[in-house]
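Take a look at the structure below.
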Amino acid sequence: MRTLNTSTMEGTGLVAERDFSFRILTACFLSLLILSTLLGNTLVCAAVIRFRHLRSKVTNFFVISLAVSDLLVAVLVMPWKAVAEIAGFWPFGSFCNIWVAFDIMCSTASILNLCVISVDRYWAISSPFRYERKMTPKAAFILISVAWTLSVLISFIPVQLSWHKAKPTGPSEGNATSLGKTINNCDSSLSRTYAISSSLISFYIPVAIMIVTYTRIYRIAQKQIRRISALERAAVHAKNCQTTTGNGNPMECSQPESSFKMSFKRETKVLKTLSVIMGVFVCCWLPFFILNCMVPFCGSGETKPFCIDSITFDVFVWFGWANSSLNPIIYAFNADFRKAFSTLLGCYRLCPTTNNAIETVSINNNGAVVFSSHHEPRGSISKDCNVVYLIPHAVGSSEGLKKEEAVGIAKPLEKLSPALSVILDYDTDVSLEKIQPITQNGQHPT
């Protein structure tokens, strides 16, 4: 009997030790996630406050709004849930309802800001002239206000009026709801109506809009890349055909295959860029919103096909919040923000780089497909050399359009096509006064 008691005590101690180790690992992982989210989004906000040129671009207003929503996720949502995960119960009592409202509001605001960014970039690429006229700071603030207002309406009003909770079906469940849900944990059961309606507004409708906009952006970029490739091949072909042999006879000339390979490479890079944007977002949030719509339909029978354990649900909740730590890397890691981050962190002085040539592809704020290549010698500040191919009918941003050096740079290729401009210097803008609207066939109107 004494041996049996000793074995039982040893088994209990082993389980407790494993549970303690698991809690420590969980605490470390969640702390790193919260700190990375705080650091990334704080850097974005600090860069915008510190550098005036970042505030001058209307598109960055949406990036700032996204960073604020993600920062609120890291401050108002993540820490409280992390403490509950480590402690094994909800220790904050009646703060539960307010926390649930903050959770829904901040997460919805983050997703809606991502949707607004996708619409903004599509509009800038598809209708650049109209975008320059219509997308003023006032228009940007209106879009941002709509996103935040919708987030508040879908969160605080239903939660404070208890519209979001599922009604208890029996006395025992009612007691558990009134006691356990408030004191022991904060995993409130959503009603079916609220779960579906909030999921539609917070995720399914925005993700559908993002899929449509980014698909169209890729198609526009693909057409422009192929048009540019055709112009490059025509230029090389014409140059080769003008070369003569020693006796004055023209040499045989052929279309270069390298241009086709470069075109395919550029299309692949654009596709990868857009795939990362959508892939990260969908992978982080889709599992949670699927479960969010399934759990309210969890029955009381033996099979319970829509029921899952709380640990699985919490894991996918954290997957969704993790998207807030990745957004600064995806949306605020262009050349402007990278230089601002390097200045804020002192990396120009403390982080010397080796010789390295890096080529990246992106779609900039002006609606252009950008193939950037920068050479970074050791111990010096990196100098970007970007080749920007403007989408047909697209022009540069109106901010700072006073420099005219780009006109001289673009002249050689303007002879090939008035729809094409090449900018070799990142800091050089294209003057709207020097570029006339073009028709569908690529000619200036007469």
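Here the Cβ of each residue, glycine as well, is placed from N, Cα and C on the backbone.
Given the structure is predicted, the values throughout are model-derived calculations rather than measurements.
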Can you tell me if Swiss-Prot, going by its topological domain labels, places Ser21 on the same membrane side as Ser189?
yes
Among Cys28, Cys186, Cys241, Swiss-Prot lists the disulphide partner of Cys96 as Cys186
Can you grab the distance from Cys186 (disulfide bond) over to Cys347 (S-palmitoyl cysteine)? Cα atoms, rounded to a whole Å.
43
So how many other Cβ atoms are close to Cys96 (disulfide bond), meaning within 10 Å of its Cβ?
20
For Cys347 (S-palmitoyl cysteine), which residues of its chain lie six or more apart in sequence with Cβ-Cβ distance below 8 Å?
Phe341
Using DSSP with the three-state reduction, classify Cys186 (disulfide bond) as helix, strand or coil.
coil
